[in-house]
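The signal peptide annotation in TrEMBL covers 1-24. According to TrEMBL, the molybdate binding site annotation covers Ser36, Ser63, Val176, Tyr194.
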Amino acid sequence: MSRLARLFTVFTILFGLTALPAPAQDRSLTVFAAASMKNALDEVDAAYTAKTGIRIVASYAASSALAKQIEQGAPADVFVSADTDWMDYAIAKRTINEPTRVNLLGNSIVLIASKESKLDKVTIGPGFDFSKLAGDGRIATGDVRAVPVGKYARAALEKLGAWQAAEPKFAMAESVRAALALVARGEAPLGIVYATDAKVEPGVKIVGAFPADSHPAIVYPVAATTTAKTEAVNYLAFLRSSAAKAIFEKYGFSFLIRPTS
């Protein structure tokens with residue numbers, strides 16, 4: 001090989017090395033969150049992105065479905081559950097970094113009807129006849145076997161002595177937002193959802209509130225997964241901040257901890 005050819009080869013190699021683009025840094029986090037979190041968390045995430053430049057990719061569904069997706073290897077950095085049971089499940093499956101867990105938010109459940117319903121406000125208490133109130137229609141809520149809002153609804157009706165009569169009337173949906181939609185569309189005359197869901201859906205109205213002692217406390221724990229990016233720690237810190245607290249409370253959630261800043 002001539003000296004010129006050798007120089008050309010060296011130049012080509014060096015040029016190729018210097019011309020290679022730097023690996024793109026992943027500036028995003030994937031958050032798996034309970035369906036009832038959508039409106040509030042979308043706003044919180046937008047505020048976090050504006051502050052940090054980190055893009056949040058949020059996936060909303062029933063907590064039960066999300067916990068099982070994470071167990072099966074779905075790429076998530078943060079999990080927000082609508083009850084402690086499914087967070088406990090994820091921890092038992094070793095998919096959650098337990099020291100990062102915080103019980104962040106609280107909520108309540110309410111009885112809703114479509115906006116056009118002639119149903120007036122009712123007082124829910126022991127012996128309340130949900131079956132009679134529903135008439136020939138159904139009562140929409142989450143699947144009482146797995147979806148947190150459905151589990152809370154069943155617990156409340158059992159405590160009030162109304163479950164046995166009302167159970168045949170239940171239309172069990174895959175998530176609280178699916179149950180909310182059934183009532184908003186007029187496909188079910190009644191529904192049991194979180195107060196925060198009723199607040200953001202103009203097609204429904206609250207007709208009754210469940211006594212707080214009729215069901216386990218509604219708690220939303222949040223934690224990083226065991227495969228989370230390091231940025232997840234900063235995101236969790238932001239969820240605990242005064243800025244996030246103001247947004248969550250605007251949507252009707254109660255903030256269960258002292259804000260960090």
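Placed from the backbone N, Cα and C atoms, the Cβ positions cover glycine too.
Curation does not apply to TrEMBL; its annotations are automatic.
A simple way to gauge crowding: the CB of Val176 (molybdate binding site) has 33 other CB atoms within 10 angstroms, across all the protein chains here.
Counted over all residue pairs in Ser36, Ser63, Val176, Tyr194, the record's binders of molybdate, the longest Cα to Cα distance measures 14 angstrom. Taking the mean position of the Cβ atoms of Ser36, Ser63, Val176, Tyr194 as the molybdate site, the remaining residues of that chain whose Cβ falls within 8 Å of it are Ala34, Ala35, Met37, Ala62, Ala82, Asn107, Gly142, Val147, Pro148, Val149, Ser175, Arg177, Val193, Thr196, Asp197.
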